[in-house]
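See below for the structure under consideration.
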Amino acid sequence: MAGNIDLCIWVSEDKSEQEHGQICIQDEFDYSQRGQWLRAAVLGATDGLVSVASLMMGVGAVKEDVRAMILTGFAGLVAGACSMAIGEFVSVYSQRDVEVAQMKRDKRISGNEEESEKEALPNPIQAAAASALAFMLGAIMPLLAAAFIVDHKVRLGVVVATVSLGLVVFGWIGGVLGGSPVVKSCFRILIGGWMAMAITFGLTKWIGSTGL
């Protein structure tokens, strides 16, 4: 009886260790697989938020007309979404070509059929659509924030506050899904957004004051 009990306990501990090892491996694998899509989504949303808000702040530095700010922001949204989609499409398609060429070389050398690997190839159209959509979701935030504010100074303050909140949210999402420190991620993206808006506002204000 004692021998049987020892054997059962040993097998249970061994299975527990194996399951723990499998969980650790799966967690590592999930983070690495998320990398490409996470990068594209966070980059697109952050770029849309910061670039459109910076454009609006630049126009707001020299013009108090809300219509001018909204039209500039909308033009930035459309142009930026198209630019992100085209850039992501070209980038992912180039990556796909490299992977296909490598698969053909491996197949020639080994002589093995690897048809299943085709399913793992990146989809450039899907990546382009996701990048453009993420950009538009980020860009729409400062536009909505400024659209209903009449007072010029209050409008600029609301845009800055909205962008700051959005950057913190994007930084938090990127940190959680990417497995990186959340505070560091939020701080890094927040400082970058503030710098972009401040530089655009300051330079546009200075150029406008020179009469150019």
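Keep in mind that glycine also has a Cβ here, set from the backbone N, Cα and C atoms.
For 40-62 (among others), the entry in TrEMBL reads transmembrane segment.
Sequence-remote contacts of a segment are chain residues at least 6 beyond its ends whose Cβ falls under 8 Å from one of its Cβ atoms, and for the transmembrane segment (68-93) they are 40, 44, 47-48, 51-53, 55-56, 58-60, 122-125, 127-136, 139-140, 142-143, 146-147, 155. The transmembrane segment annotation in TrEMBL covers 68-93 (among others).
Per TrEMBL, transmembrane segment is recorded for 127-150 (among others).
For the transmembrane segment (156-177), same-chain residues at least 6 beyond its ends with a Cβ under 8 Å from one of its own Cβ atoms are 34, 38, 42, 45-46, 49-50, 53, 56-57, 60, 138, 141-142, 145-146, 149, 183-190, 192-194, 197. Sequence annotations record features per position, and here TrEMBL assigns transmembrane segment to 156-177 (among others).
Per TrEMBL, the feature transmembrane segment maps to 189-208 (among others).
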At a C-beta cut-off of under 8 Å, are there same-chain residues at least 6 beyond the transmembrane segment (127-150) that contact it? List them, or none. 37, 40-53, 56, 66, 69-70, 73-74, 76-77, 80-82, 84-89, 91-92, 158-159, 161-163, 166, 170
